[in-house]
């Protein structure tokens with residue numbers, strides 16, 4: 001099986017001045033994840049590596065760069081799932097951790113549970129030796145400004161939710177195993193303790209070797225109502241291609257509950273798709289040593305992996 005990785009940096013509206021950074025961020029994440037696969041690594045390791053790369057990138061609403069809740073704090077959700085045995089780990093409402101996806105992976109591998117939240121997740125992180133970072137280290141100036149703006153009496157937080165950047169990755173490795181991972185800071189000015197789709201198995205992500213893997217982004221409450229990731233895999237089990245399955249599920253979410261979003265998908269044959277019903281979604285994929293990436297509908301740039309790696313080293317990524 002030829003390995004494939006697909007990543008997304010969130011569906012919504014990406015302001016012009018942020019496009020370059022978002023493109024570079026998803027490309028970097030896809031290349032890092034693919035490096036794991038090219039060396040014979042497992043899909044679950046590749047998606048974790050890709051998502052960690054984007055959690056460390058302030059362009060995205062995950063890890064460093066997460067939006068703030070109503071109290072002005074960062075609360076993050078993450079999930080990871082291994083399609084080989086349906087093992088999954090997730091965390092929700094976690095604070096003071098640079099890479100929530102790493103903690104989700106530890107929940108999957110070191111506990112008998114699937115989801116730890118808030119204080120319990122914090123205690124588990126301490127037990128596992130995950131270093132704490134000061135909360136303010138995760139807060140960018142952009143997130144703070146948005147939070148302040150949303151506190152104004154005439155503000156419209158809904159308008160600002162369109163410019164979000166949940167991150168995710170799906171992959172299939174040379175053994176034919178699939179995996180997914182998703183991470184987010186959630187909604188700007190959300191209620192304390194709000195948990196969205198990302199940490200919920202079947203909504204924020206799902207992976208099953210029998211069908212494929214999906215990672216979602218968009219309006220979390222809408223995604224949860226239709227269990228979007230699992231719905232896409234169901235459509236693929238009925239014989240749909242990843243692209244048609246993704247479009248069908250996104251269309252259903254839009255017509256049934258009025259929700260917009262995006263998804264990345266890979267099926268058990270290694271066919272992939274990156275689809276969205278929002279204005280934009282940053283995405284990138286590597287297959288057959290070729291990198292593809294874009295932000296707008298119909299946009300698809302292609303480079304060889306070697307060319308892309310050289311560009312990244314020289315800081316020339318467009």
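Yeah, the Cβs are placed from backbone N, Cα and C, and that goes for glycine too.
Database features, via TrEMBL:
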{"type": "ACT_SITE", "residues": "166", "note": "active site, nucleophile"}
{"type": "BINDING", "residues": "194, 195, 196, 197, 217, 218, 219, 220", "note": "substrate binding site"}
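Sequence features annotated in TrEMBL and their locations in the structure.
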{"residue": "166", "record": "active site, nucleophile", "CB count, 10 Å": "33"}
{"residue": "194", "record": "substrate binding site", "CB count, 10 Å": "17"}
{"residue": "195", "record": "substrate binding site", "CB count, 10 Å": "20"}
{"residue": "196", "record": "substrate binding site", "CB count, 10 Å": "22"}
{"residue": "197", "record": "substrate binding site", "CB count, 10 Å": "31"}
{"residue": "217", "record": "substrate binding site", "CB count, 10 Å": "32"}
{"residue": "218", "record": "substrate binding site", "CB count, 10 Å": "28"}
{"residue": "219", "record": "substrate binding site", "CB count, 10 Å": "24"}
{"residue": "220", "record": "substrate binding site", "CB count, 10 Å": "29"}
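Note: the Cα of residue 194 (substrate binding site) and the Cα of residue 166 (active site, nucleophile) are spaced 15 Å from each other. Maximum intra-site Cα distance, substrate binding residues 194, 195, 196, 197, 217, 218, 219, 220: 16 Å. A distance of 10 Å separates the Cα atom of residue 220 (substrate binding site) from that of the residue listed as 'active site, nucleophile'. Closest in space to the residue listed as 'active site, nucleophile', of the binding-site residues given as 195, 196, 218, is 218, taking the CA atom of each residue.
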